[in-house]
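Peer 1: Per Swiss-Prot, the feature N6,N6,N6-trimethyllysine maps to Lys7. What Swiss-Prot lists as substrate binding site is Asn116, Thr166, Lys170, Arg288, His320, Ser372. Look at Swiss-Prot and you will find Lys194 tagged as N6-carboxylysine, backed by sequence analysis. Marked as Mg(2+) binding site by Swiss-Prot: Lys194, Asp196, Glu197. The site 'Transition state stabilizer' annotation in Swiss-Prot covers Lys327.
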Amino acid sequence: KASVGFKAGVKDYKLTYYTPEYETKDTDILAAFRVTPQPGVPPEEAGAAVAAESSTGTWTTVWTDGLTSLDRYKGRCYHIEPVAGEENQFIAYVAYPLDLFEEGSVTNMFTSIVGNVFGFKALRALRLEDLRIPPAYVKTFQGPPHGIQVERDKLNKYVRPLLGCTIKPKLGLSAKNYGRAVYECLRGGLDFTKDDENVNSQPFMRWRDRFLFCAEALYKAQAETGEIKGHYLNATAGTCEEMLKRAIFARELGVPIVMHDYLTGGFTANTSLAHYCRDNGLLLHIHRAMHAVIDRQKNHGIHFRVLAKALRMSGGDHIHSGTVVGKLEGERDITLGFVDLLRDDFVEKDRSRGIYFTQDWVSLPGILPVASGGIHVWHMPALTEIFGDDSVLQFGGGTLGHPWGNAPGAVANRVALEACVQARNEGRDLAREGNEIIREASKWSPELAAACEVWKEIKF
């Protein structure tokens, strides 16, 4: 008689991994998944399957389970609630013991939590809505290279949002002409200009030429305005070694900031670059190219607030966060929810803003949200009100599309911003009086008046 000392076969996940009586620990990583089970699969089984497949489980019982303590290491689905207004959708809450994750590795955290489970047959769809990162795990990350306060001190710019501009056309300019556009924008009054996310090192403009001409533009604009200026030099490359080579060259030129596409570049590369930037005094601007592939579907994928939290752990000083302006009111609350998760040290659970867990960042530096995409001077009051001082407002077409050229476009944006900040400080209501504030300012700024005229037809 052969006895192997364990019961072979396939058993329901919920027998092991659904534990509604479990009390979460302060050291657990908590996840909120939006689960859409296949017809006939009970939500408890679906939630337990997610917990199992993203932690210690496999599809059948294995004898090596007896060589470890599953109770210590398994993920647990500890609560399930139906999603209001959606048929057959549930929020499954899963707790993971901290021992399952390598310290200081966003890569490992995601490989575990979202690595395999999304292709699971028992589920029609699955979306990771939020993560609670416990302080014990947060403390294993360096986080942003510098954070909001250090950035302000480096740039000597306070009590207002920062202004940026993406250089367009994004592909096709020679390095010399590119540098010229950078100079004109910075000279006109912007704080930053930006490489587009897909500007790396192409035949029409190799990275080293671009870096040199942009640095020249930067120093010329600084000398003429007396303000510190920056251009986000995109260091994203095909290998980590090449990426760091570009960052090192930027540091040798003495520029203040470099840039990385963190999703296409990957978290491992991003964390390496963030460490280099802190060690060498460079700020790090992060672009989220590819995010919509992951976060756009409402019932499948990963919500951007999770990608934003992951970036704060991996490291970056700025990240693109959408604009809110002109979108629906509900979107505004959700966006401001993850903007707070980027900037603040402690964020309370607030389901109306999409925040499923209270998050304590235990003094990990904050990140400036970057509002960019289809915005112009008429949006300035709303942007100033919504995002507040700790933000970067980026106008690409809204600068370079000015009828008189790049420098006047920059002047128009700077005048509009200063007018909005002054009006706010005087106690005026930007939401109600915004258009009036811009009109008043345009009376003494012909550049702003021309910008107002060009974009007056474009409604919020």
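Glycine too: its Cβ is placed from the backbone N, Cα and C atoms.
Mind mapping these onto the model and telling me what they sit next to?
Peer 2: The Cβ of Lys7 (N6,N6,N6-trimethyllysine) lies under 8 Å from the Cβ of Thr61, each of which sits 6+ residues away along the same chain.
Arg288 (substrate binding site) carries neither a helix nor a strand DSSP state and counts as coil. The Cβ neighbour count for Arg288 (substrate binding site), using a 10 Å radius and every protein chain shown, is 23.
All protein chains shown were included, and the count of other CB atoms within 10 Å of the CB of Lys194 (N6-carboxylysine) stands at 29. Taken residue by residue with DSSP, Lys194 (N6-carboxylysine) is part of a strand.
Cβ neighbour count for Asp196 (Mg(2+) binding site) (all protein chains, 10 Å cutoff from its Cβ): 18.
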Peer 1: Let me make sure I understand the structure: which of the binding-site residues listed (Lys170, His320) has the fewest other Cβ atoms within 10 A of its Cβ?
Peer 2: Lys170
Peer 1: Can you tell me how many other Cβ atoms are located within 10 Å of the Cβ belonging to Asn116 (substrate binding site)?
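Peer 2: Step by step: centre on the Cβ of Asn116 (substrate binding site), count other Cβ atoms within 10 Å, giving 11.
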Peer 1: Counting across all protein chains present, how many other Cβ atoms fall within 10 Å of the Cβ of Glu197 (Mg(2+) binding site)?
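Peer 2: So the Cβ neighbour count for Glu197 (Mg(2+) binding site) comes to 21.
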Peer 1: Check Asn116 (substrate binding site) against DSSP and tell me helix, strand or coil, would you?
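Peer 2: It is coil.
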Peer 1: Where's the emptiest Cβ shell within 10 Å among the binding-site residues Thr166, Ser372?
Peer 2: Ser372
Peer 1: Using Cα-Cα distances with a 10 Å cut-off, which of the binding-site residues Thr166, Arg288, Ser372 are near Lys194 (N6-carboxylysine)?
Peer 2: Thr166
Peer 1: Measuring Cα to Cα, how many angstrom lie between Asp196 (Mg(2+) binding site) and Arg288 (substrate binding site)?
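Peer 2: Between the alpha carbons of Asp196 (Mg(2+) binding site) and Arg288 (substrate binding site) there are 11 Å.
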Peer 1: Roughly how many Å lie between the Cα atoms of Arg288 (substrate binding site) and Glu197 (Mg(2+) binding site), rounded to a whole value?
Peer 2: 8
